[in-house]
Structures are given as structure tokens and as C-alpha cells.
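The structure under discussion appears below in the form of C-alpha cells.
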Amino acid sequence: MHSVLVLDFGSQYTQLIARRIREIGIYSEIVPYNTPLEKIREHNPGAIILSGGPSSVYGESAFHPDEGIFKLGVPILGICYGLQVIATHFGGSVDSSAKQEFGRAEIQVERHDGNPQSMLFKDIPDSHVWMSHGDKVVRMPEGFRVTASSGNSEMCAIEASGDKAALKVFGLQFHPEVQHTLYGKQLLSNFLLDIAGLTPDWSPKSFIEHQIEEIRTTVGKNTVICGISGGVDSTVAAVLVSKAIGKQLHCVFVDNGLLRKHEGDKVMKILKPLGLSVNLVDAEEIFLKRLKSIASPEKKRKIIGRTFIHIFEEQIHEEKFLVQGTLYPDVIESVSVKGPSETIKSHHNVGGLPKRMKLKLIEPLRELFKDEVRAVGRELGIDEDILMRHPFPGPGLAVRVLGSVSKTRLDILRDADEIFLEELKSQNLYHHVWQAFSVLLPVQSVGVMGDKRTYENVLALRAVESSDGMTADWAHLPHEFLSRVSNRIINEVRGINRVAYDISSKPPATIEWE
């Protein structure tokens, strides 16, 4: 099975390229732009795509790939910065544009007798595309031709032609991977299926079959342990490994007392029909004891992480392997051209287990994006209610009770959050938002209930829309809905007399408050 290799030059859209390719049914991988030719050969790519990027190809710190890629005989498509890399490599020129293009633009496709000159634009009319560039090609490389133009970019799309046509090298100034490019997926499909001749043979089913075989080979007769939370990633990972090795997998669910209302019972009920062997550990007392009087969010996260490790360590006996629900965006972040980004928050993850345990990692989902994890889950027969659950932070409600954590404050938050989620589901809004939750603030406000003055807690509601959690906009929920939720919480939850709605987007805010 041939894959498509995406060379990452630092574009914010690089992950989108890989996702769009997989939607076409072809497996894709992202590697840094400076990956050596030998490593690229090892991937045996059926096509290579050069991503966009923030640099200028004529700058001193410009990024350039190994020039050997142009001699591999593999079709190459350059996007934005990738186009400019191609243009300069083959002798063309790139310069700063007098008029930058950011946002929608219309392209005109070059035609002959009514048909596009390039196979790349088969079945694609003049249409809107998404631009994001300050530089443009100002001199065409010899042996190339223009296949599309825009009002500001005469060489908006180019390709090798004539004696160089056999190179199958193409360049686009716009971004076909972005949804605002109306025929972007069609263009990528033309490149991959018609020009590169690849077969769309990647699917959740083929992925599962490959992983089961690989897990069995890796594990042999050894036993495996998996920390499970009832969330999408850990559940899908556990079920996939269980399909491969059955009773050799032991799952541990640590109830840290920081879960949503009745969450422990719900998780065990969810996991039972999936055929998993799960050991429930009630650790509420030790977690709350160690968190007492701790207000700093970073300290809370570290205490929770250390405590989890301590408890999880007690559950490990003869196991040689640990299952972890790492996803592809985590892998990309660790190897991208930008390198690991600055730590905004410490991540609570079983991956922090001490090295002395000498557990080998099994990461069956490390090649998948979140939407693909859900698709694999469906193929495995996991219930839709589990697969479409909203993300929940590893440290649980400890980072939604701002300030110090106590059982009393946790219970107040649980009751309020249950009302919010219950109303979202009853109004068919739950699946229209990426994530929704409540936050108990470390402030109190004056209120009046009946004839009495109150001085009680303030609660914030948070709901966001997103496709991947990398960026998010606040959800524009109906005013009548918010009014009903607020009234219910204030009347039904003791200890809250004021409700606010968070209308911050990410960035600059993060989705979670801590």
C-alpha cells in the first residue's frame, strides 16, 4: 500500500492536508521538511506534497527540502510555500507581492477548447479558493506552464510541461485542503488518483486488520495493562487491543473523585458490554486529601498526575506492555518543523509512568486523527453515545473548580453541570457543539432569593464549536436556552446564585479555564 508523504514547512494547515488525503481513502503521513532522502525512500511514497509555511523562500532562514525528492520519479504537489520551493528549485523567481492575499479569491482555470489544460483541474470550474500568502512567483521556471491564475497571482497554479512533463511536478498558490476552496477535495483527488495513480485502499476496516495483526505479533503471550477513563480514545484503544489479544488485556479504571455526577457507575456500565476486563479502583479519598488547600492549577495537575501514577503502579503485576491512547496530532507535534510548542498546561497522561516499571508502549491509535478514532470505533461496534462524548480533561473537575478543591465544591459543580448537559441533550444541541461544561469560580456574589440576601458561588457555562480542538469559537446558543439553564441551576443547585456564559474564542483563550 503506497502512502502520501506530506513535508511540513510549518503551515497551520498541514494537518488538514493529511486529513483530506485520508478522506479520499489514501493513507498519509506528515514528516518534517528536512527529512533526509534515505528516510523518505523508506516510506516508499506514491506521491509527495509540500505544505505551506510562514517563511519566505528567498530569506536567509528559508526552509528547503532534500533536493533529491525531485529525482525520485514520484508526483509532487507544492502548496503555497511548497509552490515557491518548486519555482526556485527549477530556476524561477519568487518575490514579495505588492498586494497580499489572505482569504477568498477567485481563480481562472487555463483551458483549451473548453477543457482544462491540466489534469489537476479536471471537472473544476473557475471558482473560489483560499489564499494565505505575502509572496508570489514572479518568474516562471523554464519548462513549466501556468494552469490557473487569480487577480493578484498570474502564476497561481503551475506544472512541469513539455520535456519536463514526465516529472509530474505541480504547484498551487492557494490551499486546496481548506474547506473554503470549493473544489479543493476534487483537486486533491485528481492529483492522487488520476496523476499519481494511487488506489483508495485505506479505511477503518483495513486499519483495524493491520493493527490487530501488529499487536498480536508485538505482544505474543505477554499480558497488557490499560488505564481506561470511559472517554473516546481510551475506550477505542482498549477495545481494539482486546480484539487482538482478548483476556491478555487488563483494564484499570481509577475513580479519582473528580469525575462528573455518577460518572464511575456510567463508565462501568458503558464498558461491560464491550467485553473488557476492568478493575475499578476507588481512590477519591486519597486524591481529595492530597488536593486539599491547593489553588494553583499547575500544582493541581502535577499532584493528580503523581497520585494517579502511584495508584496505577499498584495495579501493575506481570504486565509487560502499557496501552496508551496517543493520537496522530500528538505525534506530529513532537516531530513538526516547529518542534514541540511551549507548554501551556501540563498534560496528565499515563505516559508519565516511571521508567523503572519498564513497560513497553502500545499506541494503536497513534496514526489517527480524532474523527478517524470515532470511525474506527464505529467499525468496532462501539455505541455512538460513547464515540460522540465530549472531551473531558485528565485532571477532571479539579480544573473546573477554580481555586481549592473540596468535596462540597465538587458536588455543587456536578449538580450544575448535569443540568447544563441534560438540557443540551434534551434540545438536541449536545452534538452540535464540540465541548460543553460548567466552571465553578472562586468568587461569590450578592443575590436575593425570596426576601433574603444571599452571598453564594458564581458559575460559568462554557460551550464551543470546533473541528479538532486546536481552535474554537464560542457556541452561539439560543438566549431562551441559556435563560432556562440559568434558572434551573439557580433554583435547583444549592450554593449558586449567579450564572455567566463564557463568550471567549480560542485563541486567545483556551477551551478549559485551567
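Residue 1 is the first one shown; counting continues down the chain.
The backbone N, Cα and C atoms fix where each Cβ goes, glycine too.
Copied over from Swiss-Prot, here are the features:
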type: DOMAIN; residues: 3-201; note: domain 'Glutamine amidotransferase type-1'
type: ACT_SITE; residues: Cys80; note: active site, nucleophile
type: ACT_SITE; residues: His175; note: active site
type: ACT_SITE; residues: Glu177; note: active site
type: DOMAIN; residues: 202-389; note: domain 'GMPS ATP-PPase'
type: BINDING; residues: Ser229, Gly230, Gly231, Val232, Asp233, Ser234, Thr235; note: ATP binding site
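Positions of Swiss-Prot features highlighted on the structure.
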{"residue": "Cys80", "record": "active site, nucleophile", "DSSP (3 states)": "coil"}
{"residue": "His175", "record": "active site", "DSSP (3 states)": "coil"}
{"residue": "Ser229", "record": "ATP binding site", "DSSP (3 states)": "coil"}
{"residue": "Ser234", "record": "ATP binding site", "DSSP (3 states)": "helix"}
* **Inter-residue C-alpha distance, Asp233 (ATP binding site) and His175 (active site) (nearest angstrom)** => 30
* Asked: What subset of the recorded positions Cys80, Ser229, Gly231, Val232, Ser234, Thr235 lies within 10 angstroms of His175 (active site) at the C-alpha level?
  -> Cys80
* **Close in space, distant in sequence - Gly231 (ATP binding site), Cβ under 8 Å, 6 or more apart** => Arg389, Pro391, Phe392
* Once Ser229, Gly230, Gly231, Val232, Asp233, Ser234, Thr235 are set aside, which residues in the chain still have Cβ within 8 Å of the Cβ centroid of the ATP site? -> Ile228, Val236, Ala237, Gly325, Ile386, Arg389
* Asked: Cβ distance under 8 Å to Glu177 (active site), same chain, sequence separation 6 or more: which residues?
  -> Tyr13, Leu16, Ile17, Arg19, Arg20, Ile79, Gly184, Leu188
* To do: Other Cβ atoms within 10 Å is the metric here; tell me which of the binding-site residues Ser229, Ser234, Thr235 scores highest.
  => Thr235
* Taking the Cβ of Cys80 (active site, nucleophile) as centre, how many other Cβ atoms lie within 10 Å? -> 24
* Mind giving me a neighbour count for Val232 (ATP binding site)? Other Cβ atoms within 10 Å of its Cβ, every protein chain shown. => 23
